[in-house]
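Listed in TrEMBL for this protein:
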DOMAIN    16-131  domain 'PLAT'
DOMAIN    143-258  domain 'PLAT'
DOMAIN    267-383  domain 'PLAT'
DOMAIN    518-638  domain 'PLAT'
DOMAIN    649-768  domain 'PLAT'
DOMAIN    779-899  domain 'PLAT'
DOMAIN    929-1046  domain 'PLAT'
DOMAIN    1213-1331  domain 'PLAT'
DOMAIN    1485-1600  domain 'PLAT'
DOMAIN    1613-1731  domain 'PLAT'
DOMAIN    1744-1866  domain 'PLAT'
DOMAIN    1883-1999  domain 'PLAT'
């Protein structure tokens, strides 16, 4: 079924509703009770498998028609559908299926079947593909395929198993068919014929054939399959000629076969299936998988995963070979045949890696496939989690054929290995799977290999490892074929691999080009040192330009029988393909045997037959011994004359074993690195750096160093073990590789078992780096230390040196190795000790500091010289010394500083000391940096330490050297558990800090858990946090007691740098002038810039020392920079200590000049007391400057001193402060009150209001207290801060107002307060800020200036669900970054928890509202946190991001760790939106809302305020207005942004207060809203109280009409409501009745039907009239909601109708009811919605008019001169073509124009699509391409005024053909009020509530639901049923509620009242079905409604899944 091609550019919405009608045939036994599934195939893709779940029990009965509504992805026009069925009597005779796309009902497809779906009947198929057609009479022609299967004529070739076949053609496949006819099939040598009926598949491509391995002799040898395509008269042959047997050849029992192909062309997919770690998870059923390609167009067919264990917690690995490239996959189907006992299976996930594309995809499942669990499905569709997709190295399939010679004894049973070399590199060692019968005499063995792209092949090395006499092998030849390109390489061998034949070698190299074989003669020279020989097995690898020889064992020496003895030269022959120029050799031994240590002198290599003189010499002259030198037993050597360090790179590999039970391994571990420039060999890790001896123990980190050639950037890494030893299994946590020379550090997460019995059973694994960090780039220095040849010149002490260069210096280096160093030289040569040092690049070397620690006997040392080779540029520096370093020789010094001299001078260097004296005081402070270090000891048991702690700070230029942390500022006993210690460190010019080293000396109870170090450098303006979170303890973690810490950039704080001030304080020479109090100072600059308040003394000791009578005390402090002028200072003390009174003479402040060298001193005279008992009793003074003295260094080097008087110093003013306490009960306070006054020139600092001039008892109810304060001129006073200390009994204080009177300028500043300062009332604050009362005009213009628009900032709402595991919680700060297309992204949005809570608790659900830039369409979301220590791990379960302005919400199921030491070690994770569930939520518009509170006494409030807004297009729910501490106060305007539904234009607003709080009354002036998108301003004026007790109305709710541009949108009216009770028995009620009326302009709010003309209301047959005056008119009415409270003796009520009259419109609306509102009658509902009867007069079945507006693009090429035509597609039908004429008189479709057309038509219902065409006027052929570019089409239906908007933005091609058109779907529909009102008919809704399956999931509380749809909401309805315990765990509860049709459902709100014993409730989901049209909407919840869990909410709102 194919539609016109133009449908392929349909612009599709995401989801669609399909109506599926099944017609069961009229045949005996036709019905079924099986589950029926359907899959729809369309142009855009394939739907998932959809279960046709029927509400009725009698679905699929004989001769019955069943209708289903399915909501799924929009898959475009349908092509075919398929079913499957399962269950008891599953046979089903299906006549036909009809599928309609309800969005485009004219697209109706008919699928004829008239066949059985059954395992028993007809052809036994229970899955059928049906092809569709739009013509109901069109029965698609089925095709017949005759399949002939030829079984080979050989022993055991027949099979008893069931054989399955699937035929693939270009139009699809037949699905899997069982080949079964009655006789005994598939016998040896037979041909079996089968007929398969299927739709026509077009040309056949391949078949998949296999069997299920059942029966006694299941193995089968298939010769070929022939398929005769009867319909297309074609015959296809599929040659096979392979075994299908688990125990033969490659063990496969299912194969893909291409037409006519013999070569295996398969692409291998590596499929890993992980069974969950859940009780009973495993299964014995047969598991099958189907992989679907892009858009579901190609698939793999059903593949049975044979040979897997599928046991709990294990991973099974399968290599599935398919003849199609379908990676990347779009989805995977996995299922089982339910065929075993305990068939249920819990599948965790499926991971599929296609080596060919290098893509690894993860498909999470995490569900049961079990008939008895969950939804009972045993087959599931899995979708990829895109964020986990990995790109790995691509590999290509090769086919390898190996011929063993036809010679006696040619075969072998050894394990054969192969390595292939190409122009671009080499393969790994490949182990050829050896079945017992491989490599037999005269046999051909075939293997499939996957190789990376290594270019053209050069050679092959093939070998085996068996050295026993009978494992010899004679290899004839091998061929390699690249199956994609058919490149073929042949390698001839024809030689033995046998230790007793030929040349006794078991390694052969085979070249591509003949005559390139060379014999290399390698001479290995053992040194002449005692014990230098070895008995270990030695290997050698020669490496050249064209590859290498591989590691060859040196077995037979040509020269000596006993190899590798002291002084031996042993010669060996190595047969290899020419290596080109030989560059290096790698030599080593296996470290086995007794005397395995070996001193190697050199290796010489030459081609055999060449003279010895041309041999290349590779000097070594080092030990290969674990106990000597550096402990390495493998070395790479380079030719003599090349500096080794120039070529080799050190790779430091840190391997962390997991902390899982049994994680440690005894096996030997090997690694291999793959880089851009090449790969290393497989290297065993033999000797570790941290020398822990017993490697790979649980939770330990082992560090190894490998020296090898530079392989460039590492792109992956292989690690594994040899699986030897008792406990070989190993759990590898992670690997970290640092390459200092490149300055890179690679993190490789593993977190998996390498164990034969765990997970997937692998013992080696390839890992890709998760992140690559930059570290310092290091280079190598070779240091040679020459000890003088003097008697006892050697030493056993520890030697330390430090090298200084122009670019920096090294750390203090300990010179030591595993051998005996610094021994006196023998007379022949000096004793030279060589050390290799890796350090940062120092540039040219300047000096060297060397010392020893005088330890051990005979410590004195005579140092001759030090030579340093810089390997970067190969330059040598000589540092001569020729002196003793000894206590009792020479000058007794143990340290020397050496300077380099030229080689020519090599004489004694000058012993210079280059340090000059530094100047002191301020200048020195300015040069140096003061660091405040805060060190936090962890809060763990035994975390504290008594050891001596030291630190070194490293800057980019230098470091501080070792600093011992002795004196903590905060604690006497340092470094105790959970404490923070503070230290001050000074350093000179070390540059920005880049790292920090912390350690201790391990004395006492030494173990220490260091949490973090914080370093604050005020002069640099930065505070750095260095996280650690690890033990410094020999017995914990990796045993380190010194750690290097790096700053965490996410926790760095930057601020304006501080500058140093020198402050001199002169205490007067008066009796009792001195003080011991704490003296503080504040400096003020211009414009009220000031420093923090700084105490001059740190502790009590200093306070006793300073400020004595007549003293002059100098302090150097770092404070904020207050600018060029110090306007004033404030100095005071806290009046503590003995004799706190203080007489201050003056203060002098000196600071450095900004320009030039010099300083200025400012003098502040005081000459008065600061004492409670003297003068005015003030202890704080404000001082202004009198003189400024400047000292400047002039050009001629003299110091120039100038002194000026300050002219315009600020004066001191007197301020009178009146404080008025309110006249309210309990208003007075006895607490101490403090006041700060702020002006534009500065502030007063906090002053205590101690002495009232008016009352002895201050601050009593209703009284006014006056105070006087002196302060330096503040300028214009604009705010005050007032607080009390909450002391004494009745501290609560109601402050009415404060008045500040400036005596000098006579200005009055009034502050209206009217607030409580109380710990018990309002918001419980006892400190408040008030702003001065201003006149109204000034503030309005202020507001205007604030309205500068930044780039669009929009709100994002996030929720984060933390997992439940141990350690899941974190205290780190979390952040989110939202990333759009083209790399637009928000800045880091920090998610800080409200109310200062720290951290995400496990199991919590936290919600955040943040604002970030608008990134357009969201592509990815990054979630991370700033925790850098292992402790700060966090398990995130789920993240959701909602974007209200876009109306969309994404839910990401994370279920992953964000942690340095869990999972893959990342603390930030990128989530792809493709993995998210995206849900449409109601779209919001941002409004700027300004609320004006009246200027009336007590106008402000702290009550809760709620706002709802009503517009022409709907209304909002109630939204709370946040108080935010100081909003809604007297005379204030508060402006804030709100997200409001898209309902503009606004009509009215309702505000409600709930009367809570300590000031519940509010005087509201008005509210102004501004729509930030359209800039439309609406004003809502009230000017009255909202209060129970004040104002004329005494109401707590008000409605205000919107005024837009002076026009009132809604008039006031009076509603007269008449209620008629029916005339039937018991119709009347005594209950209280309420009503809400709904209309065009919203609703009336709840009206109580109380005041009435009758005293006894609602009696039988009575009409009651109610008047409601002054209500804002609703315009046309649509419905009323009426309900009662079921109170009184007979509450049941039979209501006849309600009439509502609008007096202004003079119109009566009737709402008929004629139903009971009673618990015991009718349907038991006591709330009803009644539709208006007036709206039925429009009859819409006849013709109607459509207005069509087209908008042409605004570009020259957009317009057209030709005609256009349009077809409207509605839900009720399709219109004819309307031609939009373009005449020469009236030109249409000009650029940028909007053209209107009117057409009459039959009514089409809702318009869902349009077809647009573009035709020439004269109908002629078109020359060239012409387009008309349409931006938008708007269709308006004239009767009801519904609008349909189509965003096209497409070019319509000009074409005379009628079938050339483009189709567009409706992007936005705006339904008119009249249309909505018409659709309000009563509908029964079925509501299904499913409770979750967890402990305690059920609830006893009362549950309520509110449903919201496009036609309004349902009101809050209780969910009740009699005699049933509702909402229990895993229970499904059904309710039927009758409501007026809600239209499209938008959201539901579910809540409970928290009553009952266990009210907490885990709601799984809600399903709401509209029983009138059968559409079910599913709302997923999966969250708790519980005050004690998650976020503590018991109200939730959810949006539909589909």
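From the backbone N, Cα and C atoms, a Cβ is placed for every residue, glycine too.
Two recorded stretches are said to be in contact when at least 3 C-beta pairs lie under 8 angstroms, sequence spacing 6 or more; the domain 'PLAT' (649-768) and the domain 'PLAT' (1613-1731) fall short of this definition. Secondary structure of the domain 'PLAT' (1613-1731) per DSSP (helix as H, G, I; strand as E, B; remaining residues coil): 0 helix, 64 strand, 55 coil. For the domain 'PLAT' (1883-1999), the mean pLDDT of the prediction comes to 91. Between the domain 'PLAT' (929-1046) and the domain 'PLAT' (1213-1331) there are fewer than 3 Cβ pairs closer than 8 Å, counting only pairs 6 or more residues apart in sequence, which means the two stretches are not in contact. Scored by C-beta pairs under 8 angstroms, the domain 'PLAT' (1883-1999) has its highest count with 1613-1731, from the stretches 16-131, 143-258, 1613-1731, 1744-1866. Of the ranges 16-131, 143-258, 1613-1731, the one with the most Cβ pairs under 8 Å to the domain 'PLAT' (1744-1866) is 16-131. Residue counts for the domain 'PLAT' (16-131) by DSSP state, with H, G and I taken as helix and E and B as strand, are 0 helix, 63 strand, 53 coil. Residue counts for the domain 'PLAT' (929-1046) under DSSP, split into helix (H, G, I), strand (E, B) and coil, are 0 helix, 61 strand, 57 coil.
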